[in-house]
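Here the structure comes first, spelled out in structure tokens, and everything after it is commentary.
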Amino acid sequence: MPPQVARNLLRAARARAVFQSTRPAHRRPAAISCRFQSTEAVRQTPSDVYQAPPRGFVPRKEEKFVPTQSRKAAPAATLKLNSKNLSSLQNVSVPTYKRHGVKQGIVHVGVGGFHRAHLAAYVDTLLEQFNVQDWSICGVDLQPFAAPMRDALKPQDNLYTMIERAADGTSARVIGSITDYLFAPDSAEAVIAKMAHPDTHIVSMTVTESGYYMNENTHELQIDHPDVAADLAGEQPARTVFGYLYAAMARRHAAGLRPFTVLSCDNMQKNGDISRNMLVSFARHAGNNEVADWIASNGAFPNSMVDRITPRTNDEDKVSLAKNFGVEDAWPVVTEPFHQWVLEDKFVDGRPPFEKAGVQIVPDVHQVEEYEMIKLRLLNGSHSAMGYAGQLAGFTYIHEVISHPVYRQFVINMMQQEVKPLLPQIPGVSVDDYCNTLLGRFSNPTLKDELPRICLGGSGKIPQFIMPSIAEQIIAGGPLRRLTLVAAAWFRYNKGIDDAGNAFKVDDPMVEELQAKAAEGPIAQLQIKNLFGDDLRQDKRFVQELKTALEGLEREGALAMIEKYA
């Protein structure tokens with residue numbers, strides 16, 4: 001055998017960990033083994049070498065993960081993904097439970113990539129390994145732009161492939177936990193009826209930050225937003241998730257049923273509390289105080305922290321899946337090995353045994369908040385730093401940005417010097433090790449996480465991921481130059497032109513207002529009160545830092561400023 005062929009075969013057979021190491025052998029492409037090393041070994045790992053942490057791993061002292069596994073050779077033929085062909089798929093892990101016999105206890109709104117790599121994957125593990133019978137998922141999309149998802153899932157019997165990519169190999173697993181799918185533009189009534197049905201115990205949602213219609217300054221529902229105003233006026237079909245939740249809750253109240261638990265899986269601190277406040281406010285503004293009081297008194301809105309990097313799927317991913325695993329999937333989801341979910345144990349009408357699938361169930365909302373703060377400010381804050389400053393400098397992927405020495409040093413120093421001192425201390429959790437784990441995750445070259453995905457919807461991200469740290473450093477009198485440069489990079493990004501003069505699309509629900517303000521002057525965007533309030537605008541040190549950073553970005557460009565501030 002030629003040496004190059006042997007090396008290729010060896011590379012194809014390298015270690016890959018599946019979603020759960022305890023998965024039955026017939027579901028698993030191969031066995032795995034794990035070993036742990038001290039944190040000293042982590043620190044000695046070259047900065048450009050990616051090491052995949054175990055799934056659900058919260059970095060603790062004295063732990064380091066190295067997986068080993070092999071998989072079958074590439075298939076000779078391909079098959080379309082559907083229920084009929086499941087048993088014939090040889091190179092992927094497939095469901096063995098009877099999907100048609102499982103009740104749909106969960107309705108999930110927003111069947112995007114993150115949901116399919118996170119909640120749906122956890123539920124699939126429960127269905128496969130623990131004989132859970134009442135908790136499959138009915139997926140729901142509300143907006144017309146989600147029609148391609150409907151068109152992809154329906155012919156595949158709502159099956160899809162989760163492609164898990166580590167630096168040392170790739171695995172594929174067919175997820176079967178979504179057993180029905182409803183598209184609201186086709187039948188809004190069917191969606192409301194499904195939510196109101198007695199078999200529905202949880203309505204979960206991944207609708208992004210902007211889908212909550214919350215004023216970032218007052219934390220109140222934006223009742224003057226056209227979508228919210230239309231729903232409150234009774235226009236059909238509803239435009240917002242709260243229009244559907246309210247209609248379904250009103251029916252359950254009239255029928256004498258319990259409320260369903262509203263489970264936010266969005267990347268926001270206090271996501272459960274926000275969901276509760278927005279829904280109760282919506283009901284009150286709809287003129288139904290009785291239902292509003294009933295929801296407030298009897299409903300459940302658990303807070304959660306969710307984490308898994310999930311890039312956008314592209315045509316190359318589909319071709320690779322067919323070539324290497326023999327699966328023709330109209331819309332697979334690509335993700336990393338790492339995943340984590342910290343969930344408040346606050347449910348009104350039962351829940352699946354999530355902890356069996358690796359979810360960290362905690363009794364206290366403050367524990368969720370602590371994990372969430374660490375994750376949002378370190379992971380998402382660093383993503384924002386790399387995304388906006390990287391886009392301006394002409395980078396394409398996150399792993400390219402973090403591999404550049406200047407950007408890498410900037411991110412490390414921002415995390416260690418400006419963010420870490422503000423974070424809570426959780427017993428048994430090392431923030432230093434978490435930062436090290438993040439650098440490894442960011443460096444994974446196989447994910448190809450595109451910057452436009454990271455930059456999407458900055459008006460909902462910067463006020464959450466960057467501004468709270470700036471505000472706290474202002475109070476503490478601490479360093480904030482790097483954080484301020486990230487905010488300035490977002491202001492500069494909103495012009496839609498990079499440092500080389502190339503135009504790009506600013507994908508943000510507030511894009512018109514942001515760009516109008518950007519045209520007024522360097523820091524005019526800071527005047528948008530529902531994003532920034534009044535306090536930041538009145539702090540002289542911050543305003544001067546912001547002006548200096550913006551002037552530097554305009555004059556010298558992002559790369560030069562990152563180097564200067566690193």
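Each residue, glycine too, has its Cβ placed from N, Cα and C.
The annotation NAD(+) binding site is assigned in Swiss-Prot to Ile106, Val107, His108, Val109, Gly110, Val111, Gly112, Gly113, Phe114, His115, Arg116, Ala117. Just so you know, the Cβ of His108 (NAD(+) binding site) picks up 26 other Cβ atoms within 10 Å once every protein chain is counted.
The candidate set comprises the binding-site residues Gly112, Phe114, Arg116. Of these, Arg116 has the most other Cβ atoms within 10 Å. Under DSSP, Gly110 (NAD(+) binding site) is assigned to coil, being neither helix nor strand in the three-state scheme. Listed binding-site residues: Ile106, Gly110. The one with the lowest count of other Cβ atoms within 10 Å of its Cβ is Gly110.
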